[in-house]
Structure formats: C-alpha cells, structure tokens
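As recorded in Swiss-Prot:
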COMPBIAS  34-43  compositional bias 'Low complexity'
COMPBIAS  99-124  compositional bias 'Basic and acidic residues'
COMPBIAS  333-347  compositional bias 'Low complexity'
COMPBIAS  400-415  compositional bias 'Low complexity'
COMPBIAS  422-436  compositional bias 'Low complexity'
COMPBIAS  474-485  compositional bias 'Low complexity'
COMPBIAS  508-520  compositional bias 'Basic and acidic residues'
DOMAIN    215-314  domain 'SH2'
DOMAIN    580-848  domain 'Ras-GEF'
MOD_RES   22  phosphoserine
MOD_RES   273  phosphotyrosine
MOD_RES   278  phosphotyrosine
MOD_RES   354  phosphoserine
MOD_RES   435  phosphoserine
MOD_RES   787  phosphotyrosine
REGION    34-129  region 'Disordered'
REGION    330-384  region 'Disordered'
REGION    398-417  region 'Disordered'
REGION    422-520  region 'Disordered'
C-alpha cells in the first residue's frame, strides 16, 4: 500500500516534466510560422524558455487560465471551451489605440519614404536574424507592448528621447489646428451648386435682414474689403472686427479706400419700449439697408470732409459662411510671427477664431499673430494682446478731439457714453490714469502703440494709462508697425477744429459745458477764419416774433384788407385746387422748415442763436419766441384749412371731395415729406368739432371716397394719437420736421389756448406721457442736423410756386383770417372770435336737428 502512491507520484512528475518540455518547444517547432509574421515582431526580444510569456498573436493557443468565468469558457450551445474571447477583445482595443495614436501625430510626424528593393531585402534578412536570435541583449521595445501600456495608462505620453517637450507641445497644438482646419476645409470643399443654393436662400430673406443684401460681406478683413472696392463709388458693408455689433462702410473715392464706422445704439423711447438705431455722422436709421438706400438714392456725400459718394455696390458671390471660412484661412496661413512670439505657429489663427470675446477684445484682436514679438516675457499671451492692441476709444482721438459719439446727449436713452477729452494744460509725457467713465464698460483700456499720427497731432495725444507706459517702454521693433486690420484709421465724420491749439492748451479746461457751448464748438468747426474759436458770443434772446405783419409784402392781398374777403378766399381756393396733394405738401414743408430754422440758417443766425439748428433752440430757455411762433403757425394753419372746407357752400359731394384732398395732404405730409408738424395741423383741422359734426359730408366721403375714409379712420387718426401720447414716432431717416407740438405746448402751457383735455391731462398716464415728450425733446435737439439733411433731400430739385408759398406763409394766413387790423390783436381774442365764426359756418352748411323735429 505504501508503494502505490510513490509510483503514482513518479508518474505524475514525469508527466509534468514532459508536458512543460513539450510546451516550451512550441516556438522552435513553429519557427516557419513565426517568420511569416509582421515585420514589427523583429524587435521582440526572446527571453529564456521558462521565464517569458509567449505572444498571443503568433503562437498556438495555450492552456486555459486557472480561473475562468463560465461565460468566458463555455458557450450556450454546449460545453466547448472558448478561451479566445478575451484575447480578441484585447486585440481590438490595441488596434483602436494604435489608430488613435497614429491620427494624433498625423501632422507632427513625417511619413517614412517608401523603401527600395535593396532596403526590402536587407529588412527581410534582418528579420530572419532577429527571429532566430533569442538572446536577451535586444534593446528595442516591442511596439505592441508599447500600445498595451498606452491603453492601460492613458495619461502617460510616449515621447521619444530625442524630442524636446517644446516640440511635443508644438506638435499637439498643430494636431489641434489640424482638427479645426478639417472643419474649415469641409466648408470650403462644398460643391458650387450647394454654395449657390445657400447664397440664394440668404438673398431671399426679408429686406430688413442684412444678409438678404448682396453688398453685405459679413466678417471679412479690412485688407480684403479694400481690394474689393476698385472703382470710385464702389462700396460694401462689413462687420466691425473690433467693435462687436457695429458695422463698417468701406468705399473707394478718389482712388483711396475709405472706412466709415456705423455705430449701433439702443434708443429708449419709453419706460418699456426700446429700439435699435444706427448712427452715421449726424444721421440715424432704423436699419443698415435704410442707410444704404438713403445715401445711394440721394447721392449725398458720406462725410463732409471726404466728400465720398457711394452708388455702385460690390455684391458677394458666395454665402457668408463660405466667405468667413475662406478669408479666415487665408489670413491665418499668410501671417507669420517672429520666432520669439508664442503665437507664431502656423494655423494659430484658425485655432483661435472660435474665441468670441476675451476681456472685451473681439476675435480679430485675439487672433493677431504679429503683435508683440517680445511677449514671451509676459505671464500670458492675453497680457501681450492687452498691452499691444489698439483701443477703439482712442482711434477717433488720433484724428480729431471730437468723436462722432461725443455728440450724443448724456441721456439714458443712448447706450454710448459721451466722451469729452479736455485739452491738457501743458504737454507731458508722464503716464496719467484715465478716468474709467470716459470709456464704455465693454471696451478694455488698451495700448495704442506707436500708431502713426497725422501731421500736428503729437501735441494732442490723449492721457496715457499704466498699460500705455508698459507698451511704450517695450523695445519691440515690430510694435511701431503693428496695425489692427479693422480698427486702423477710420475716416473723420466731423471736420477738425481749426482754432489755435496754443490758446486751447493755455486755457484752463472747463469741467462742465452746456449744450449750447458744445454745439457752438461744433459750429466753430465749419468756420474758415477761426474767429469764433477765440471769443464766446452770448446768444441773443429774441423778444419779437419773426412774423412781421408791418413789413409783409404780398402779391395776392392788398395793403389793407378785411377779414375773410370773398374774392381773396376764392383766389386761395383756386390755387389750392390747381395742384395735387404732394405738391401742396412740398410747399407747406418748405415754409415750415424756413420758419423752424431747419433750412435757410446762416452763420450770423447761428451766432445769434448760439446753436446750429432751430430744433435745439426749441429746447433752450432763450428759444421761447420760436416756440410761440410755431404755436401761432400751428393754430393759424388749422383754422385756415377749416375755413377752406367750411367755406365750400356747394353740394355735399364738393365738400366730400375737398375733405378727401385734405386727407391726402395729411397722408403726404406724414409719409412722403416726414413733416409731423403740418401733419398734426391738418389733422387738427379735420378733428375740429365744427367739421366732425358734418354728418352728411362724412357719409358722402365714405360712399364716394372710401379709401380716403379708411385711411383717415384706420391709419391717420391712430398714428396721431400715438404721437400725442409719446408711444410711437416716425423713423428719423424720413423725418424733416418732428412732432414738437406736445413739448412746446408743455413749455408754453400758459400761452397756449385751451382746446380740451390733452393726453398728459389724465390722472392715470399723465406723468408717463410728460416724461416721454421731454425725452423726445432731447432726441429732437440732438438730431437737428439730420432733419436739415432730410429736408434738403426731400426738396432737392423742387421748383416752388411763389403764390403757393405765400398762401402757406403765416403772415398771409393771419391777414386773410383777421384782416390787416385784427391780425395785430391778442392771440386769445383772435382765437375766441374765430371759433364763433367757424361754428356759424358749420351750422349754416348743416343745421342742427332740433329735438322737436325728431
């Protein structure tokens, strides 16, 4: 019994030895199979037989491991073992890691050159030698094992020993650029049919959408826009790359490319109503297409100084998405930085195009790769950009001390902040911190660099901030040549001051300047002799009316006349019936603009007023006489039109036809001419109680002139109501005379006649209406030059008839209504007297129905 276990143990030991020996001999018996394996196996070292594990890829299946799950070893079909599942999954993971590794270094690694025949033979012989050599003296590492290590530890990078960390970082950055480049390349590789279809879809959008206009080119560089405008009069609109949300008008005039910035502001018309306006010099528009139509249609110069006229749009032939990708690629690949700059790698522009805003900088400022070559000494590339980029706040100051934005009133209705730079007392090169209030909160304080200035601008440099000192002290050779592609030199929208700079430097800067002084400085800009820049002229307070009845000379009315002479009334009726409503509206508008000092303002008148335009004078204390004159003209115009209607003693059809023409006149004044003053006067005549009670006349109007009745009831009356309540206003680009009646009535309420409850008289919304009109007055005062320009455009080429101009003059109307004697009476007496006359005329045409007759 004792010998049996020993014999069994000996047999077991012998079997174990033979089994292990046979397993260890497997690689030698299958050497031919190993010779046909991949060439990469030649670097695999051959350790001792009992110490090394065999490769799964090139050996026969080994015995199953000691511990195995049933799901790994046996299938659901039977008990057949399947030990290769884990190995197949591991092999797939290794192959996937290998593909990822190859893609990540696709750009940085150079592809090996294809070997020739001799090299292939040598490689084959070397492979056989390595396969036969099993000594542990091999030095190279198995690439498959390297990939396995990569999959286990993903955070550990395999860096060759001869490659520096800087090179590896550059390769990784280049790999990121390659991914971004592929995205842009996908856009550029679109088929022409797809691009053409996309362009058609953009052009089919609403006309108010900027993308629907072919002259809009989106975000293209400044240099590209200059190459697109080739002939005088060519123009295009592009996005401002330095001021987010603004646009730039690029045109060519006198063989020179000019750039004009279009500022976007938010105008607060009421407490809860705001709308966006686009300011351009002294003009304001609802949208950019309206600005383009205005300048192209009127052939008005874009700026007074340059005299540039735009009339030939440069249309785009590709969609906006394609243009941005195309010019972005060309810009990023063409610009190279100095070797010392960390952002000088190729493709860095495309990598950083995805940045939208960094510390107030727009994309173009961040993506510059040729900024400061010595920026490696700074802690972060963003600091170098902050110190070397141009500030939009200082670009206008390099040209003129008066920025176009500086004209905007200090009103919460405007999003831009008034920027006034007082002249320094003595020229100084020391750095002084600038006030943070002098710039917009969304714009950083940046270094202007050594931007070249026009001649004579060296003594007008703005105060430098600490960042300015840092940038000026930098010995960078390329700093002087730095120029932002979009923020460069915008053309001046205001003429430069021609006064003596020495006197301006010697004077003490005033801390606060009123509206009159500021506008007087604007007035001085256009003076050739510079006399107004030396002394200040006190405005003259007018005490007498501009309507001088004593010196009035007329071709239609005699020197002495009685009120409402029949022959004179008949003559006026004939003159009004000879022309259409539009011609009448032009005559009325011309006289209105002359009275309100929108047109015909001379330099002497501006000196006496202290301001440039009558619209600003209306809001000032010494403009009281002008306010009274406008109130006189408004009521006199309404009464004369009412007399014209009530004096028609013919049939109801004749009065209805005259009523229809009056409605057409109101529509022309509102729409075609943009004259809200006379529009309100005509509507005031139609809404008089003496006219609105003529039921037969209005019934005939609805039957014979239905469109006129609908126009009056559905459009004109609601529009006038919204004007009086301060809820709605006409577009500034189409306005020649704004609706000034509410606020001049508020300012002169003790002198205005009582005509019933006003919109601001209600207890519910009275205060809101008053505030809306007072804020509208500030807007009116600010846009006096715009109304002047619009009036000149509307009346350009207009040949007025002297008789009609005289009929619509206030002196003629006063003489016609009250005679030569009564015209000099008090205003209250005249209005009260004529109210009774109008009531009598109305009852004569359509007597009131008595209660006994019902």
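Cβ from N, Cα, C; glycine included.
The C-beta environment of residue 273 (phosphotyrosine), restricted to residues of the same chain at least 6 apart in sequence and closer than 8 Å, consists of 727.
Of all the modified residues listed here (278, 787), the one with the fewest other CB atoms within 10 A of its own CB is 278. Each residue contributes its Cα atom, and for residue 787 (phosphotyrosine) and residue 278 (phosphotyrosine) these two points are 16 Å apart. For the domain 'SH2' (215-314), DSSP puts the residue distribution at 18 helix, 39 strand, 43 coil.
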